[in-house]
Structures are given as C-alpha cells and as structure tokens.
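A.B. asks: Per Swiss-Prot, the feature domain 'BPL/LPL catalytic' maps to 42-226. Here Swiss-Prot flags ARG80, GLY81, GLY82, LYS83, ILE84, THR85, TRP86, HIS87, ALA156, ILE157, GLY158, GLY169, PHE170, SER171 as substrate binding site, drawing on sequence analysis. Under the heading site 'Lowers pKa of active site Cys', Swiss-Prot lists LYS153. The annotation active site, acyl-thioester intermediate is assigned in Swiss-Prot to CYS187 on the grounds of sequence analysis.
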Amino acid sequence: MSSATQSARFSPSPISVEHLGTIGYVDAWDRQRELAAERAENVGTDTLLLLEHPAVYTAGRRTEPEDRPTDGTPVIDVDRGGKITWHGPGQLVGYPIVKLAEPVDVVRYVRRLEQALITVCTDLGIVCGRVDGRSGVWLPASFDNGQWLPERKVAAIGVRVQRGVALHGFSLNCNSVLTGFDAIIPCGIRDAGVTSLSRELGRDVTVEEVTPAVTAAVVAALDGELPVTEHDIERVTFDSAAAGTTSSAPTFTTVQYG
C-alpha cells in the first residue's frame, strides 16, 4: 500500500466532528489545545472542529514585522506555521486535531488537507491546485475582461504538530468580505492575491453550503480514501513591457510545475 492511500492518522477510530458555529479565536484555540492534550495521551478521539471566527488577524511563527496590519489593528500571535492571515465571517475554518501516524510526516499531512480542499473546489467548477513552494489552494493567474488577475489563494493552511498531534488547520473563503486582507501581506506573499468561492463562481456560496462536502473530503483524505494527486497549477506571468510596446495583447509565459 502506497503512502498516498494509507491513513495519515494513528487511530483507526472514526473522526469526530464538532460544529462550533461562530466562536472567538482564543476560545477555539483553547478547545484545540484541550483536545490535543488528550490525543497526545491516547485519550479521546481525533476531532475535526468546523467553525467561523469573528474578524481577527492571526500571525504564525514566520510573520515579519512588515507583514502586519498597516493600521495598527491588533494581531493574535499563534504557534502554527506560516505567516499572517485574516479570519472572519463567510470563511469556513477547520481544525483537525489528529494524532498522526508514525513516522510523523507533516508535509504529507498538509498535502492531504490541500487535496481535500482542491477536490471540493474542483467539484464546484473552480480550476485550482497547488503552487510549488506555497501551501494552500490556488487559482492560476489569468487575463479576464481586460483585467490581469494574479495567482490567488482561495484556501490557506497552517499547522503545528506537537507530541505527534496536529493542531490548527485550514480556512476556505466562501463568501467572505475580502477587504480584511487589504491591511496585511496575506501569508507574507507579495506577488499574489486572495479570492473566494463566491467571487470566482459569480454567486453566493455560503459556509453552510460547502461544509458537508469539506467534512467528507477532509475525513476521506486523512483516512487515505482520497488519494493525493498532482494538482500543480499552470504558472502564468504577464509581461507588461511587451504588452505595452509590441502588441495590444498581453504576453504570457507558462511554466508547468510538478
């Protein structure tokens, strides 16, 4: 059996799912740590927390001072990987508190989460995938109706593994108001943007609509029932100089990674 079809979890028991509704970040963080302490001692069950947060910025361990809000908005410093991000209404947040199979492979675990979210977005009709060297789920850059759209992230992932147990997780922008990202450098990436399911599909896509599909996909991915496949997006760049001097149309350079 290949690693792509093996469970990423130590326990064969089913994952428990808790729907917490809208909950403050610190309260949800406390719940994460409570569950993680139990799982580290082989007590309780692996649990997927699904929720929304009131608007809040959280900064991972690699956040640089220049990544932080330009308007002085407070930030909660957390112990996950990655840099700064925004959470808020209209964004589905998932925290799988899971004791990982041994030997612990954090990269493989992150790829499982990405696979689950790529599957959900693809089933909705969105062309998306991974970007080499960047976690999360991305849409390729494109030139649409005269407007250049850079690569943009629809789902972010940031995790921590402590005593063999994964904490933190993912966020999927459903019908979020994306202006919350304007005051920061999301995930510390300056040459890309953020987007939402609603923006890409041209209709209102709610947290309630996608929650069942996300739940099923995350559970299947972690249990090895949803194999990890290659989903690297096509990298497209816009050569503005060439567009302005040699042609009325933009020039694209495409590179396939993977």
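Just so you know, the numbers here start at 1 and follow the chain as drawn.
Placement of Cβ uses the backbone N, Cα and C atoms for every residue, glycine included.
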A.B. asks: Taking only the Cα atoms, work out how far GLY82 (substrate binding site) lies from LYS153 (site 'Lowers pKa of active site Cys'), in Å, as a whole number.
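C.D. replies: For GLY82 (substrate binding site) versus LYS153 (site 'Lowers pKa of active site Cys'), the Cα atoms are 14 Å apart.
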A.B. asks: Using all protein chains in view, find how many other C-beta atoms are within 10 Å of the C-beta of ALA156 (substrate binding site).
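C.D. replies: If we count other Cβ atoms within 10 Å of ALA156 (substrate binding site), we arrive at 24.
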A.B. asks: Could you measure between PHE170 (substrate binding site) and LYS153 (site 'Lowers pKa of active site Cys') for me? Cα positions, answer in whole angstrom.
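C.D. replies: Given the Cα positions, PHE170 (substrate binding site) is 12 Å from LYS153 (site 'Lowers pKa of active site Cys').
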A.B. asks: So for TRP86 (substrate binding site), how many other CB atoms are inside 10 Å of its CB?
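C.D. replies: So the Cβ neighbour count for TRP86 (substrate binding site) comes to 26.
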A.B. asks: Run through the Cβ atoms and count how many others sit within 10 Å of the one on ILE84 (substrate binding site).
C.D. replies: 25
A.B. asks: Could you state the CA-to-CA distance between TRP86 (substrate binding site) and LYS153 (site 'Lowers pKa of active site Cys') to the nearest Å?
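C.D. replies: For TRP86 (substrate binding site) versus LYS153 (site 'Lowers pKa of active site Cys'), the Cα atoms are 13 Å apart.
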A.B. asks: Which has the fewest other Cβ atoms within 10 Å: ARG80, LYS153, the recorded positions listed?
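C.D. replies: So among ARG80, LYS153, the recorded positions given, the one with the fewest Cβ atoms within 10 Å is ARG80.
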